[in-house]
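For reference, the structure discussed in these notes is given below.
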Amino acid sequence: MRDSISGKTSLRRKGWTRREWHYFWLGLIFASPWIIGFLVFTVYPFFSSLYFSLTEYDLFNAPRWVGIDNYKAIMKDHNFYKSISNTLFMAFISVPITLLCSLLIAMLLNFKVKGINYYRTIYYLPAVIPGVASALLWTWMLNPDFGLVNIFLRWVGLPDPAWLLDPQFTKPSLILMGLWGSGAGALIFLAALQGVPQTYYEAAEVDGANWWYRFWKITVPALSPIILFQLIMGLIGAFQIFTESYILAGGKSGNSLGGPGQSLLFYAVNLYQEAFMNLKMGYASALAWILFIIVMLITLLVLKTSRRWVYYGGE
Amino acid sequence: MKRKGSILGLIFVFLLAILSGCSGKDTPSPGKESGETKGGDSKKESVELSFWYGWTGPEGEALEKLIKKWNDANPDIKVKGLSQSDYQKQLTAITGGNPPDVASNFGQDVVPWGERGAMMPLDDYIKKDNVDLGDFVPAALSSSQSKGKTYAIPIAMHVSMLFYNKEVLEKAGLSGPPETMGQLKEYITKLSVKENGGKLQRLGLWPGVDAFTFSYAYGGSYYDADKKQVTPDNAGVKAAIEFGKGIWDQFGSSELDRFASGLGQYMSPQNPFFTGKYAMTIDGEWLPTFIKQFAPNLNYGIAPIPYDENNPNLKNPGNVSTSVFYIPKGVKHPEESWKFLKWITEPDQMAEFTAAIGNLPTRTSLQSNEIYKDVPGFQEFLQYSSSPNLHSFPATTFSSEYMTEFSTQYNAILRGEVSVDEGLKRVKDKIQPLVK
């Protein structure tokens, strides 16, 4: 501990002493398992996928250089556009709804009522269940005939949609499933909520600010860094969405993935289909790079605009 | 500012992780993972073969019985069976250089995998041991062959016929099954029942049914090998699509979705054909076995697939698919693998296995075998399986992609998202560039 601090300060001087070099190398050796893992499992695949994206590669034969043909073919591929629009729908509809919902849950869980710890546990529980298990569970919940959701809807006299069978309702079904797991996000919000100094609220109350003003002028700005973090993680998660679609609209042999009317053909699902069902690794690598660029651009955009609405305590 | 930087860094690392997850699998492994050679290197007689098959449950047990028989007779080549229905794992194992010694797969994967070099061509062995390929049903064998090479031996084949609910037909005043496509259309209209509120109660035939089977009824074909052209826009294929579309539009997507939502599981007594919600259905040779199990009181008949009245020479059409055994590329004991593969596809073993699981044998010499006498529905199916108008989807490197894309666009056409011509053009545009 002490040595690392002294090492840091010495950076400002011109050269390192032998002793400092010694610690530098020692530190590298201790970090080497991670460094090697990072190079072998992250950096190398990262750049080799860039290379593969410029080739035609089927796993068995040596990759054949085709230049940007894969990218050109993607631009003409209607599955690509379908998957993009499905994925964007999830990113821009599902993510904000989920965020709002978890913030709401977090605020409810922040009330000091009797047995609040039990409520907190209950709301967090769904997040513990693995994706595949919860997807399978929801196929039963959303069963049009005897699923609990439709039994309830019929009971209150609302229309009962065919959920996972009707192309118009497949994505809303996924959003519903996502909301069920929003306790995980709520937990992070809850931690942040408890970090907001009570004095702000007290001062505001003295000034006569009502509930809405306190929420809007104190809670939201104070939580904004966390909202930003959750927003970005949510967006990235939405671009990666795969499990639910694969389980709910699972491909039998010879059938295409993506569910009724391709309404669940998400980007990652399309990529999987091209890579592992059609054995087009080059094409799939190109798809992966396009995804990378899209996610990068959207993330940068969010970060750029965030300067206007994110407040950090220190500033 | 500093914190934002670290968040950006975090995101970058996450993205890298995602990408490595996707691309990590495409990098080829150097080939000698965990140098285990399954015994055999020191003792030259005793060899252990691993055998991966896709059947599970009682069907897997039927295969294990055969494996036991082999092991009892061949102490020098021990076969170890593994029920492994994830075919992606086979690919991973083959590219990783540590494949199973013998494996099963679907016929439609054979040529795509074989031509890319994942399967060992068997022709030299077939020649050496004088295996008579002439005994195999041509449509079944052809799905395992490409450019003069045989990559796999079909063990079982599947073909669909028309099943009809006799009671329902009689009540509607129809004495027998439809024989032509024109009659089929009339039957569907007659047999579909709507409740007073307009809600569908019974459907004559589910309109999204197997377009492949019907396209052969109209004399369609999917590939012109001479011109190297994919032909999803072929007149016969188009006629089949339009047939499906015609029935679909009679009821409409929303009504059909609502109807479908109330249908029970396929492998259960609630199968819509068993409960009378479908008056007719197009299904394979395994269905009578299911009916015996789930709906023993169902009064049903099995009839040939209707033919196009303008093409009476195309009677008894059908789409054949197969299950095959193959030897992956890079196995350590090809001789022994072949010995087992050859044995298990011999008439006796094939008969025992296919009769046990209620699948059709691929050898014509077995079609009159006594063993199938008690398999329900097999008299009709065995006879049908020698029809000259059976076809299998053309075996090419791109066939699985072609079938997937075709099904996708067929669905989009039914739902009215694209026109028939536009949908079929999309298939052609996507698949034609893959032809080499």
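Quick reminder: no glycine exception, Cβ is built from N, Cα and C everywhere.
Among the features that TrEMBL reports, transmembrane segment is placed at A:21-47 (among others).
Residues annotated as domain 'ABC transmembrane type-1' in TrEMBL: A:84-302.
Taken from TrEMBL, the feature transmembrane segment covers A:88-109 (among others).
Under 8 Å from some Cβ of the transmembrane segment (A:121-141) lie the Cβ atoms of residues 105, 109, 147-149, 164, 173, 176-177, 180-181, 183-184, 186-187, 243-244, 247-248, all in the same chain and six or more residues away from its ends. TrEMBL lists A:121-141 (among others) with the feature transmembrane segment.
Here TrEMBL flags A:174-193 (among others) as transmembrane segment.
Long-range contacts of the transmembrane segment (A:222-242) within the same chain, counting only residues at least 6 positions beyond its ends with a Cβ under 8 Å from a Cβ of the stretch, are 87, 90-91, 94-95, 98-99, 102-103, 174, 185, 188-189, 192-193, 195-196, 200, 266-269, 272, 291, 294-295, 298-299, 302-303, 306, 309-313. According to TrEMBL, the transmembrane segment annotation covers A:222-242 (among others).
Annotated transmembrane segment per TrEMBL: A:281-303 (among others), in sequence order. For the transmembrane segment (A:281-303), the residues of the chain that approach it from at least six positions outside its boundaries are 49-50, 52-59, 63, 66, 70-71, 73-74, 80, 84, 91, 228, 231-232, 235-236, 239, 267-268, 270-272, 274-275, judged by C-beta separation under 8 angstroms.
Under 8 Å from some Cβ of the transmembrane segment (A:174-193) lie the Cβ atoms of residues 90, 93-94, 97-99, 101-103, 105-107, 109-110, 120, 123-127, 129, 134-135, 138, 142, 149, 219, 222-223, 226, 229-230, 234, 241, 244-245, 248, 264, all in the same chain and six or more residues away from its ends.
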